[in-house]
Amino acid sequence: MEAVLQTKGLLYLPSKPKTRAFYPLPQGGLRHRFNSFNSLKPKPLEGLSLSLSSDGFQKFQGFAKKPQLISQKNRFFPVCKAEAAAAADGVPLLGENESPKFMGIELVTLKKIIPLGLMFFCILFNYTILRDTKDVLVVTAKGSSAEIIPFLKTWVNLPMAVGFMLLYTKLANVLSKQALFYTVILPFIAFFGAFGFVLYPLSNYFHPTALADQLLNILGPRFLGPIAILRIWSFCLFYVMAELWGSVVVSVLFWGFANQITTVDEAKRFYPLFGLGANVALIFSGRTVKYFSNLRKSLGPGVDGWAVSLKAMMSIVVLMGLAICGIYWWVNHNVALPNRSKKKKEKPNMTTMESLKFLVSSKYIRDLATLVVAYGISINLVEVTWKSKLKAQFPSPNEYSSFMGDFSTATGIATFTMMLLSQWIFDKYGWGTAAKITPTVLLLTGVGFFSLILFGDPLAPALAKFGITPLLAAVYVGAMQNIFSKSAKYSLFDPCKEMAYIPLDEDTKVKGKAAIDVVCNPLGKSGGALIQQFMILTFGSLANSTPYLGGVLLVIVLGWLGAARSLDGQFTALRREEELEKEMERVAVKIPVVSQDESGNGSLTSDSSSLNPTGGDSAGASTEPSSPRNV
């Protein structure tokens, strides 16, 4: 008999099953019927070993035996599982085909993730080329210097960014999502192509060089930065468009589209991979900039090597932009969008004054805001000063661009490595140490950089033994400072900042993030530029204000470290409080336990009866002490 059961197992379906083989089904829903079945005790099958093969069960998972439903004649009939149970177990229903997979990933998911990865690669490949090129244009242009950058960020970049976002909001109300995507990205592609082939070659004809020279003679050299914006206005426009590519195309278009077509589970699994892919794009684009910047070496005399390099790089930007549009079109026509809940979460719309009041009211939020503002100011103070020394060392646009290509490649490699190490740092040393690494890196490298600028002459004999000048040493140390600080920011500072919101209550979490977005992000970005503008107008030039900028950087980084230390204590206390509350909630919950009677059959009892085994319950349970076991 045992062999017969093993052969047929759960695969046996009678051709004409009779209803008399089952217990009478009471009227009511499915839950009522199953509960009534559980109250009936089937007679055990004497002398029969029911060692049904698990292989048979695996081959036909849509069915399961229900011993409670078997008649007294010991005849077995398979009973279909409820659809909810099958779905909960992750088992496909009868007649439902399992989704095809490749390397453990569903093909439906791969149709979304692979195009998104390619889009992200193309967008960041372009961004690296544009970021390196914009600095070369405005810093090495005739009649300009690195002093133009603080004025450019404050008085041109910021107003155009605000204006663009207002225009984007208006367009989003009247255009479909696909039309909005093309309407935003195509003007970027057209501008960069036109700049390389039209605007830059003809820049000498429409730049007001004579007017800028007259204003410079009247106002003096301390106004070199503001006047340079007028002198090379087309280069400044390129600078702003390159900055907007990073904030608009990456943050608004790509991530908005990615969040539209992916589910939460897919995002948790694949979004971190996009960060690693971004640094791969950084490495490849840095090599591309390096290659085209060295083209001038193979050109004849009298040829503008920078113009040739610019045309080649802008051609790549246009091709990559068109590839982004093509991938976007393919996804929209071949990938089904996931179902979304129409319920919207309310987000507090805080004004600037309300945000400031909320920041002042909470010490935790003040410390978190200090971290955000301090990073923005510190990186700007060092970066602009470094770029002024970079121009002095590499005055040619091609040499400057070639160095920036190496810089981008090194930044990508360092960030990729730091992202792989960041998880180990968090696990080994905790949040506090991870939060202090970025300001510590900025402090140490900043001290070395400003020391080489201020005390370069006494160090010249020692540096000459290594074959470098104090200026070149300052350029290399400044490059290391930017590389390590940016890699630490992407891999440690940003995760620490987001993790700091987690233990807060929901109201403080939402309002605190809104306040920091409204006040602290713009203040951090423009704060460094405003300090530099004040120094330049006060002391006459960026070089004269270098000692004071170093002192300001030291004060800001020390304040940053103090805020990180304070926030670490509060963060740890909140985490312990959260864990204690969870433990208390777990203890307070009634945990069902299993007690066994004399016959060995288990029955569910409450935790109160298990804690007081000598007391009987209302159902007349056995008064013998039971052995509670958590279910």
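Cβ atoms here come from the backbone N, Cα and C positions, even for glycine.
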Which listed span TrEMBL calls transmembrane segment, if the choices are 361-379, 437-455:
437-455
For the transmembrane segment (407-425) against the transmembrane segment (150-168), do we get 3 or more Cβ-Cβ pairs below 8 Å once near-sequence pairs (under 6 apart) are dropped?
no
Per Cβ pairs under 8 Å, the stretch of 113-130, 180-199, 236-258 packing most closely against the transmembrane segment (270-289):
113-130
The transmembrane segment (236-258): which same-chain residues, six or more beyond its ends, come within Cβ distance under 8 Å?
116, 119-120, 123-124, 126-127, 130-131, 133-134, 137-138, 148, 152, 156-157, 160-161, 164, 168, 181, 184-185, 188, 191-192, 195, 199, 229, 267, 271, 328
